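For reference, the structure is listed below as structure tokens.
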Amino acid sequence: MTKYIFVTGGVVSSLGKGITAASLGRLLKNRGLNVTIQKFDPYINVDPGTMSPYQHGEVFVTDDGAETDLDLGHYERFIDINLNKYSNVTTGKIYSSVLQKERRGEYLGGTVQVIPHITNEIKERVYRSGRETNADVVITEIGGTVGDIESLPFLEAIRQIKSDIGRDNVMYIHCTLIPYLKAAGEMKTKPTQHSVKELRSLGIQPNIIVVRTEMPVSQDMKDKLALFCDIDTKAVIEARDADTLYAVPLSLQEQNMDQIVCDHLKLDNPAADMTEWTALVNKVRNLSKKTKIALVGKYVELQDAYISVVEALRHAGYSFDTDVEVKWVNAEHVTAENVKELVGDTDGILVPGGFGDRGVEGKIVAIQYARENKVPFLGICLGMQLASIEFARNVLGLEGANSSEINPDTPYAIIDLLPEQKDVEDLGGTLRLGLYPCKLAEETNAYNAYNEPVVYERHRHRYEFNNQFRPDMEKEGFVFSGTSPDGRLVEIIELKDHPWFVAAQFHPELVSRPNRPQPLFHDFVRASITNKESK
């Protein structure tokens, strides 16, 4: 029978529930269990696709085209699985589904209420995740903090699941904070006690408490928490700040967290073999070289907006025993006069995806600098579109060349709406989303990176390269190294007379893994290291 683990949070948000859930997933997978994982977000948006990155951070896209929470990126990177649209559920999705059923008359004329209709829908999403993946274990993270009004239906639903399928098949893990008061020189357990009290008042008794802390938690403090929270002392797990995220699974294993989980759920599996993971962490902690990459974006104040990009750069660096330092460059501040000052000390330049016109001209200036000064360059989504526009303006001499997204009246729409997008009115969920094939041209940097004729990558865009400009740009050394199999859509571009200048319409960062870097990032970082060594 499928087992269910629920991860909740208390005291404050951003405690690392997602990392805790992902780390536990890795440990259970390495015990030979088939693990799937999902995130429940209590906001009323249907998905984060139309939310500002400042509100929510990065939008992570799954193979099947779901726009999801950035925690799914952690899940995929840690557990090394590909998730799907059932892996991220919001209040908006739940209510939308219930209202559609009500309109179809599925409730037989009854009054539709939070209990049982909303809670039943939430439970069905939990069970469906297990059914769709044939999982041995389903880990579900509940977003937000215990005490939030928005979370109440989700907490009630997961409370009911224990009654529905039995206590041996359900486990509750609560993540909290033990703050350190510098003035008093003390760590305080009271916030955790109150958070657990709140959770218990809702009918949920946590089986494990994971305490986030800056300082070591003494045995006396663990005993105190165990007493007041009514759990075993061994089930108080310390989650101290780590030097690398990838060390967290090893820390949890040292404290026998996965064994406690297996004992409670009556799973008789051998201990997790973390040899390969330990080697990865040792490598990460002992990188001997450095390279610096400029990330030129418009959301640089909130680095979570580019979290998968940064992780993909790091993964690529691990292959070369190199620590990749990201220099954050605000695209709005970049001008032709100061671009050398802002990016001249870096070994490579990356322009990530985005929407809208803010910061676009600064990104184009940075791309021009990379092209003219032979600096390794990687463009992603909007970065690929702007690389095309920069080339059209400054090599072909097409003054005013632009994207019709940025300037609908441009005389040269190098980037234009996909034909199927022309009549689309809704913004949410209507982009070209998910996994699509890309055919690679031989004897190109793109082909050399993948070493395969056809690859599959995840997309999230509405605009595409305008094919009427292809012949003129090709004559000037602009290479279309990746296209859709029918040749209609441009997927990857690069430059002939440049050490390494590649840009992709898709989002390669979404499939990178710490032990298996994404090929374009791998070769981009290698080119950046070569550039540094040649200076």
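Cβ coordinates come from backbone N, Cα and C, glycine included.
Keep in mind the model is a prediction, meaning the values are calculated, not measured.
According to Swiss-Prot, the protein carries these features:
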REGION    1-267  region 'Amidoligase domain'
BINDING   Ser13, Lys188, Thr189, Lys190, Pro191, Thr192, Gln193, Lys224  UTP binding site
BINDING   Ser13, Asp148, Ile149, Glu150, Lys188, Thr189, Lys190, Pro191, Thr192, Gln193, Lys224  CTP binding site
BINDING   Ser14, Leu15, Gly16, Lys17, Gly18, Ile19, Asp71, Arg240, Asp241, Ala242  ATP binding site
BINDING   Tyr54, Gly354, Leu382, Gly383, Met384, Gln385, Glu405, Arg462  L-glutamine binding site
BINDING   Asp71, Glu141  Mg(2+) binding site
DOMAIN    292-534  domain 'Glutamine amidotransferase type-1'
ACT_SITE  His507  active site
ACT_SITE  Glu509  active site
Sort the binding-site residues Asp71, Gly354, Met384 by C-alpha distance from Thr192 (UTP binding site) and give me just the closest. Asp71
DSSP secondary structure for Glu141 (Mg(2+) binding site), reduced to helix/strand/coil, please. strand
Gly16 (ATP binding site): which of the recorded positions Tyr54, Arg462, Glu509 is the nearest Cα neighbour? Tyr54
Quick check on the binding-site residues: of Gly354, Gly383, whose CB has the lowest count of neighbouring CB atoms inside 10 Å? Gly354
Roughly how many Å separate the Cα of Met384 (L-glutamine binding site) from that of Ser14 (ATP binding site), to the nearest whole number? 32
Find the shortest Cα-Cα separation between Glu405 (L-glutamine binding site) and the binding-site residues Ser13, Asp71, Ile149, Gln193, Asp241, and name the residue that gives it. Asp71
Binding-site residues Tyr54, Asp71, Gln193, Asp241 vs His507 (active site), shortest C-alpha separation belongs to Asp71
So how many other Cβ atoms are close to Glu509 (active site), meaning within 10 Å of its Cβ? 29
